[in-house]
Every structure is written in C-alpha cells, then in structure tokens.
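> Features from TrEMBL:
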- B:50-201: domain 'Cytochrome c assembly protein' (DOMAIN)
- B:1-21: region 'Disordered' (REGION)
- B:38-60: transmembrane segment (TRANSMEM)
- B:80-101: transmembrane segment (TRANSMEM)
- B:113-132: transmembrane segment (TRANSMEM)
- B:144-163: transmembrane segment (TRANSMEM)
- B:175-194: transmembrane segment (TRANSMEM)
- B:218-241: transmembrane segment (TRANSMEM)
Amino acid sequence: MTQHWWHVAIAWGLAALGFGIMAWLAARRHAAAKRRLALLGPRERRLG
Amino acid sequence: MSTPAPSSPRPLASTAPRGGGLHRFANPGRFLRLTDRLLPWLWGLAAVVLGAGTAWALLFSPPDWQQGETVRIMYVHVPMAWLAMGGYAGLAVASLMSLVWRHPLADIAARELSPAGAMVTALCLATGSLWGRPMWGTWWAWDARMTSVLVLFFLWVGHAALVRAFDEEERGARAGAILALIGAVNLPVIKWSVDWFNTLHQTASVTRIGAPGMHTGMLYPLLVCTIGFTLLFAALVLAQVRAAVMERRLRQGQLAQARRQEGAA
C-alpha cells in the first residue's frame, strides 16, 4: 500500500471510529434511560 | 450544615411558551413518539447513502491527475468542514431560540450538539492534516483558514464544557447560548478567510459562483458523501437529544416519586 493510500485509509478510519463511538455512546445512553424509566411507576412516567 | 437541594430541571411540557410551530415539540411525549418513528428511518437512510457514497468515493471515482489517490481524503474532509460550520450555525439558532423564546428543547439540542460538533471539527482538522502532509509537505500551517477552524474546534469544546459546568442546568444553558452566539462571528471568518488572506489552503472550489471547479466524476460522489454524513450526523444528534429528554423525564419522575413517598410517610 502506498503512502497516499495509507493517509486515505487513516482519514476514513478516523471518521468511522469517531462516528462509531458516538453512535455506540448514544445507543448505550438511550438503553440505560429506557431501562431506568421502565423501573418507575406508570404514574411517575406520565408526570415526567 | 444543610446541603442545597438539587435543582430540578425545567419541565419540558409545563413551561412551554404559548404558540405553535416548534413549541409543539416541547412536549416530551410528542417528541419521543416522533423520534421513535423517525430515527430508524434516519439511521437506515444514512447507512444506505453513506454506503453508496463510500463505495463511489473509494472504488469508482477517478484519482486526481496531481493529487493521485490522496484526493479520496476530500470525500471525508469536505463534509466534515461543512458539518462543522453548518452544525455551528444550528447551534447559534438553537441558542437564539433558547435565549429569546426560552424553548426548553433548544437548550437540550444545543447541549447535545456540541460534542458531535467538536468531533466533526476534529475530524475536519485531522483529515486536512493527513491530506496536507503529502500535498503541501506539512501537517499544519498557521494560515487563516486552518487557524479559524481550530478556533471553531475550541468554541465547540468550550460550549460542551460550559453547559455542563453548572449545577443549575438553566444557567449553564444560558452561558452556553451566549458563548455560541458570540462565537458565530467566526463562521464568516472561516468562509471568507481564503479570500481575505493569503492562505496555503485553496479557495472555494465546490461552492464557487458560476461553475464548480471540479470534475463531475469527483463532484457527484462528494455530494453523496456529504448527504450521507449529514444524515448520520442528524441521526446521532437526534438520538442524543432523545436520550437526554428521556433522562430529564426520568429525573422528574424520580422527583415526583420521592414527593409522593414523602407525602405518604
């Protein structure tokens, strides 16, 4: 692989890594909030 | 010594100002229902468009006669640059809505936008640097375009830190909104820095009035990649806003539960 292709691969890899980490964090945060909301009573869920 | 009571977040539904339009989405139930339907489509569309754009950019678009294969960095760098600036314009609009109309969802949107904005700006700087080394012979130059984008990155990071620095969420949102509006001055500086100053960075080639200075074999995959990354960015921010609304709902529910238990005791 030439040096040019290395730079291309790193650039695209960084973008994939950045968006991947952000998407994973968002999914984890969403799942945690959903699980904790489910533990509340139906009345409190409505009030929130 | 008594400890101060934790501040309860501004309720989304009860303090929503009167009026239609965007204020309808201040109702958390409505917002959660809408995003529940919208987000799977947005993720799916982003995956399809970005998948096509990536294949086009990496496999089917031609190498540049001068830059060779390095031109393929442009398909990430340019969308990141546009997202960094467009996202910041969105942050400024959300901040204005927060300050003028006190729209509670605008506060949350601004708060959740800044980490994603900081990430795309960091990607813009990093990919630009990766392109600059083989093309210019340097990773970095303190020219007006690169320096103003670095300032934009610090503004994003500063906003993300500032809104989280206060115990009282509303004060943090207000301080962040003021910073975001002042920082918006940097957007025209970034845009026209290449015209106002003698820079190493080239002038605009895609958004040039008249004809874009780029072959359609490169322009079309660039546009597809830009749409794909924009959809992905929108899905990401919307998912974070949705999670934040759920967390706020959870805190309010827990407060209501505690009050009810206190009343019963």
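In case you wondered, yes, glycine gets a Cβ from its N, Cα and C as well.
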> Does the transmembrane segment (B:175-194) come near the transmembrane segment (B:218-241), with 3+ Cβ pairs under 8 Å (pairs 6 or more apart)?
no
> If we call contact 3 or more Cβ pairs under 8 Å (sequence gap 6 or more), are the transmembrane segment (B:144-163) and the transmembrane segment (B:113-132) touching?
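They are in contact.
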